[in-house]
Structure formats: C-alpha cells, structure tokens
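Q: Annotation comment: TrEMBL describes ASP47 as active site. Annotation comment: TrEMBL describes GLU112 as active site, proton acceptor. The Zn(2+) 1 binding site annotation in TrEMBL covers HIS45, ASP78, GLU140. The feature Zn(2+) 2 binding site is assigned by TrEMBL to ASP78, GLU113, HIS338. If you look up TrEMBL, you'll see 153-263 marked as domain 'Peptidase M20 dimerisation'.
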Amino acid sequence: MTSKGPEDEHPSVTLFRQYLRIRTVQPKPDYGTNPALSSILLNSHTDVVPVFKEHWSHDPFEAFKDSEGYIYGRGTQDMKCVSIQYLEAVRRLKVEGHSFPRTIHMTFVPDEEIGGHHGMELFVQRPEFRALRAGFALDEGLANPTDAYTVFYSERSVWWVRVTSTGRPGHGSRFIEDTAAEKLHKVVSSILAFREKERQRLQSNPHLKEGDVTSVNLTKLEGGVAYNVVPASMSAGFDFRVAPDVDLKAFEKQLHAWCQTAGEGVTLEFVQKWMKPQVTSIDDSDPWWSAFSRVFKDMNLTLEAEIFPATTDSRYLRAVGVPALGFSPMNHTPVLLHDHDERLHEAVFLRGIDIYTQLLSALASVPALPSDS
Ligand SMILES: CSCC[C@H](NC=O)C(=O)O
Ligand SMILES: [Zn+2]
Ligand SMILES: [Zn+2]
C-alpha cells in the first residue's frame, strides 16, 4: 500500500505520523527542548469586546470574507488572529521537524478586555505559571497602516479615577453658594487643561508617539435628581493612561491637589490603578531583543518600537519579571480593534504566520543566559 497524500488522509493519522517522525530514541531521546533553559511564552487572550451590530457591514461573528480577501469579525485584530498564528507557526515548525533548545508554551487567557483581574493577574501568581519557567513572552500589539510593523516594549499605566464633589443643595432657581457642580467643574477644567497640554506636547514633537505622553478623557458624569433640585453630590469619571516615565507618586499628589484647589468636599477614588510600569529592553545588547529584531532585518521588514498606548496582559508578565514584547503582525492594516467593521486581510494574516515561524525559531534558540541559572 502506498501512503496517501495529506489531502485525503484523516487529520488524526497525519498527526500520528508527525509524532512518529520525532526521534525520541533512547538513550538520547530528542524531546526537542532543553528544560534547563527558561521557556518562551506565547500569550493571547480569548475574550473580545462587545459589538454594535447595526454599524457593521457584515455579521461580526460570521467571519465573512469579501471578494478581496478581507475577513470581517470581532477579534480579527484583537486578538484571535494572533492565537491562530501562534498555533499555525508551531504546527509548521513541528511538521518541518524543527526542535529548539527552549520550550515554547502557549497560553490562552480570559478576561483581558476587562482588566485581566480574574485572568492573567491571578495566573502569574500561581505555581502552574511558575512551573512554565517563562524567560520571555510575546503578547498582543496593534496594527500599523504603513509598510512597517510595530512592536511594543512597555505600556502606559491605566488609572480610572472617580472624582466626587459634594456641596450645598437647594432650589434650582436660586444662586446657591458652594455647589457640588461648581467644584466639580473646577476639577474637570484642571484635568482637561492638563489633557490639552499633553495633547499639544504630542502634536508639536514629531519624535513623540501616543504612548510617550499621558492621556486622559472625561468618560463619565453622574449626579442630579431633578432639573429644579441642586444636587448635594456629583461625580466625574476619568480614564488616565499614564506614560511610563511619569513619577506616579507625584502624579497622584497632583490629582489630589486639583481636588483640594476646587474646594471643600471634593474627593477622589481609584477604580483602576496600575502602579508597576515596566520597560522591556530594546537595547541591541539584550539577547531577546537582538533575536527578535534580527528576524525583521533578515526578512527585510521595517519594525517600529513604541509604548503601548492602552493596557494589555503584558503588564502582569513584566511585573513578575518576564520581559514581554507586544506584537501583532499586521502591517498595511488600519487600527480597528474595538471598532466597527474590525477586519484583517487574509494575506496579512498568512504573512504573520511566516513572521512568527521565524520569530519562534530565533527566540527558542537564544543560547543560555545568566538569568537561566
Ligand atoms: C483596566 S484594564 C482595561 C483593559 C483594556 N485593554 C484593552 O483594551 C484597556 O482599556 O486598555
Ligand atoms: Zn487585546
Ligand atoms: Zn482589546
């Protein structure tokens, strides 16, 4: 009997035959790894953000592909593409019979979109995570509309702040003194003036990217019971993204000072407060960065290193000492994560698998480091 081609072979048989090709012969079985070395962790989150279906050209959960090759769907960019690209790159390396000194682990985690508090934040504290002995991690990045790819080596700290202002209530027809609204207005003005300063700083310096400055948006306003009742309390919610070079203690003092200046009875509370920003080295002397960036040079691809403007699970990895780079291989692609009509061209997706194949080979072959012992 001749062996059948892969196209009409049962996939379980194909997998079995791939396994047979790995030379696990005693007394020197090729298990394909050197367990003494730290591993490479490929992380992706499985959750996606909600959709406003009426604004989509196609059903966001149908994975519609148009005649040009654009695949529409929630998660095409953020980040179901990456999960499958990891799997396909690993599959390709296995089929080709490669093995590397370092083990490659993949994690598929929940709840990133709501902060990872029941996902990666807990996982990094577990013995199961420590058992992976991760020495370096890859996680999500962002699309780049140009020919270049972007890699993220740090991220801004997320601070969600609720400012509550209390004051004298009364009839809506009167000039009441010391109202909650007047004081809240002062805080909002101070914060929005700061926002404008940072916006100008970014706009006026072509060397700065979004992740280099601190952003803030007023995202919530709460309070009031009736049009003719001056409320005793009102609150405003802000989404701050604090640049990694900011002195967080001093910045927190500044927030309190803005509240104090606004008057008596103005307080703030944190709904999210990340205090451990870390930067992964992108110095040429760093062996992980050197292996990562070399792949782009060898493939003749342009790579731009930036600070991630929002938040990912990478922060939990970096905070426990695992260097992490955020990378989603999407060039020539508009940034559409969390947006209507999130989509990815199939050619960009497939090219991403080629890139990961090279990246994984390079990273899993990084020789023993002092940190491995
Ligand atoms: C408080 S964690 C929020 C996480 C979210 N991450 C991706 O969009 C973000 O808003 O950046
Ligand atoms: Zn994401
Ligand atoms: Zn997201």
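Heads up, residue numbers simply count up from 1 along the chain you see.
Any Cβ shown, glycine's included, is placed from N, Cα and C.
Curation plays no part in TrEMBL annotations; they are all automatic predictions.
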Q: From the centroid of the CB atoms of HIS45, ASP78, GLU140, the recorded Zn(2+) 1 site, which same-chain residues not already listed sit within 8 A by their CB, in sequence order?
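A: Leaving out the recorded residues gives SER44, MET79, VAL82, GLU112, GLU113, ASP139, THR312, SER328, LEU337.
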Q: Which has the fewest other Cβ atoms within 10 Å: GLU112, GLU113, GLU140, the recorded positions listed?
A: GLU113
Q: How many of the residues that make up the domain 'Peptidase M20 dimerisation' (153-263) does DSSP mark as helix, as strand and as coil?
A: 43 helix, 36 strand, 32 coil
Q: What other residues of the same chain, not counting ASP78, GLU113, HIS338, have a CB atom within 8 A of the CB centroid of the Zn(2+) 2 site?
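A: Residues close to the Zn(2+) 2 site, other than ASP78, GLU113, HIS338: VAL48, VAL49, MET79, LEU337.
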Q: Identify which of the following recorded positions, namely ASP47, ASP78, GLU140, HIS338, place a Cβ less than 6 Å away from any atom of ligand 2, and list them by sequence position.
A: ASP78, GLU140
Q: Looking at the recorded positions HIS45, ASP47, GLU112, GLU140, which have a C-beta within less than 6 Å of some atom in ligand 3?
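A: Result: none.
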Q: Helix, strand or coil by DSSP: which one applies to GLU113 (Zn(2+) 2 binding site)?
A: helix
Q: For the binding-site residues HIS45, HIS338, work out the Cβ neighbour count at 10 Å and name the residue with the minimum.
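A: Each of the binding-site residues HIS45, HIS338 was scored by Cβ atoms within 10 Å; lowest is HIS338.
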Q: Given a 10 Å Cβ-Cβ cut-off, pick out the one of the recorded positions ASP47, ASP78 that has the most other Cβ atoms nearby.
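A: Answer by Cβ density within 10 Å: ASP78.
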Q: Hey, does DSSP put HIS45 (Zn(2+) 1 binding site) in a helix, a strand, or just coil?
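A: Strand, per DSSP.
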Q: List the Cα distance (Å, whole number) between GLU113 (Zn(2+) 2 binding site) and HIS45 (Zn(2+) 1 binding site).
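A: Cα-Cα distance, GLU113 (Zn(2+) 2 binding site) to HIS45 (Zn(2+) 1 binding site): 8 Å.
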Q: Average the per-residue pLDDT over the domain 'Peptidase M20 dimerisation' (153-263) and send me the rounded value.
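A: Value for the domain 'Peptidase M20 dimerisation' (153-263), mean pLDDT as a whole number: 98.
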Q: Please report the Cα separation of GLU112 (active site, proton acceptor) and HIS45 (Zn(2+) 1 binding site) in Å, rounded to an integer.
A: 6
